[in-house]
Amino acid sequence: MIPTIAILSGGFSCEREISLMSGKAVKKALDSLSYNAIEIDVDSNIAEKLKKINPGLAFIALHGPYGEDGCIQGLLEILGIKYTHSGVMASAVAINKVMSKHIFRSLNIDTPKGYVISREDVLKNNIKIDYPYVLKPINEGSSIGVYIIFSHEDYLELKNNSSTIMEKMIVEEYIPGIELHTAVLLDEAIGTIEVRPKNKFYDYEAKYTDGFAEHIFPAKIPDNIYKMTLEHALKIHQFLGCKTISRSDFRYNPKNNTLKMLEINTHPGFTELSLVPEIAKLAKGINFNELVKIIIEDSLQHKNIRDLSHVEQYY
């Protein structure tokens, strides 16, 4: 019997519109695969909606806080509903850039130097990192609220738009060079793509507007660096106990031959323009519909919907 699949999208975060796009793409794929799929716009009544539908699986097409930070995952576990993507712990740790950077370092994975800074210190320009630096939220995605400050003029422009500065943010060194993204699928790092944005960096517009960035696969970087992206992405995916898919983001500086890991995303963007589907297609010949089916089948076969972390291997 084919289970009913509830597609959870929308939600409360700044990434709501992206989530709705992901949800519609998944619904289209599931319809073509003849699954019984129901789209649910997540709100404060989500528990009641899920109990009424009683789906066999929840496909999480949510992004940002409440969707990929362990909140919806915890609710689904309480309700006894299987779900796609990673569990509570992996989701909560991965979205928190401070926590995840500590874990990168503990696994000997290099990451940009930085620290947590208050809104007050940003406004006073009490910043201990020289230009250029990056200012970004602790737990948002899709490059929302990310600023690259190359000069004092950039800082003044940011200060004049101070409403976008959060109470706590991360400030870290800017790594010049090449933007890299590595996909993990079913415990295999399947490939790394290079992104050359037309804007200053790979921002929201470049991520979700066709033609705003050039994608190169496989990434044109030295073989040993390419191999390192695959190794690092798989290592952190397994350490956190991520499930089915994830995407790890890196910067490579060819001038000093250094690779820095920026973050791991347990719920990467999931439209046909998104990076993980693109890598799956180019690396493995897996089209979008097939990728959706793989995620569903892998999620349904897990008897235990709780986290399966491999942390004990490193303890």
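Note that Cβ sites are derived from N, Cα and C of the backbone, with glycine treated the same way.
Taken from Swiss-Prot as is:
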type: DOMAIN; residues: 101-297; note: domain 'ATP-grasp'
type: BINDING; residues: 128-181; note: ATP binding site
type: BINDING; residues: Asp249, Glu263; note: Mg(2+) 1 binding site
type: BINDING; residues: Glu263, Asn265; note: Mg(2+) 2 binding site
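Using a 10 angstroms CA-CA radius around Gly177 (ATP binding site), none of the binding-site residues in Asp249, Glu263, Asn265 qualify. Cα distances from Asn265 (Mg(2+) 2 binding site) to the binding-site residues Leu135, Ile170, Asp249 are smallest for Asp249. Here the binding-site residues are Leu135, Ile149, Leu156, Ile170; the one with the fewest Cβ atoms within 10 Å of its Cβ is Leu156. Long-range Cβ neighbours of Glu263 (Mg(2+) 1 binding site) (same chain, at least 6 residues apart, Cβ-Cβ under 8 Å): Ala94, Lys97, Ser100, Ser248, Asp249. Of the binding-site residues Ser163, Asn265, Asn265 has the largest number of other Cβ atoms within 10 Å of its own Cβ. Taken together, the residues of the domain 'ATP-grasp' (101-297) have an average pLDDT of 92. Secondary structure from DSSP puts Gly177 (ATP binding site) in coil. In sequence order, Tyr115, Val171 constitute the residues six or more apart from Lys128 (ATP binding site) in its chain with CB-CB distances below 8 Å.
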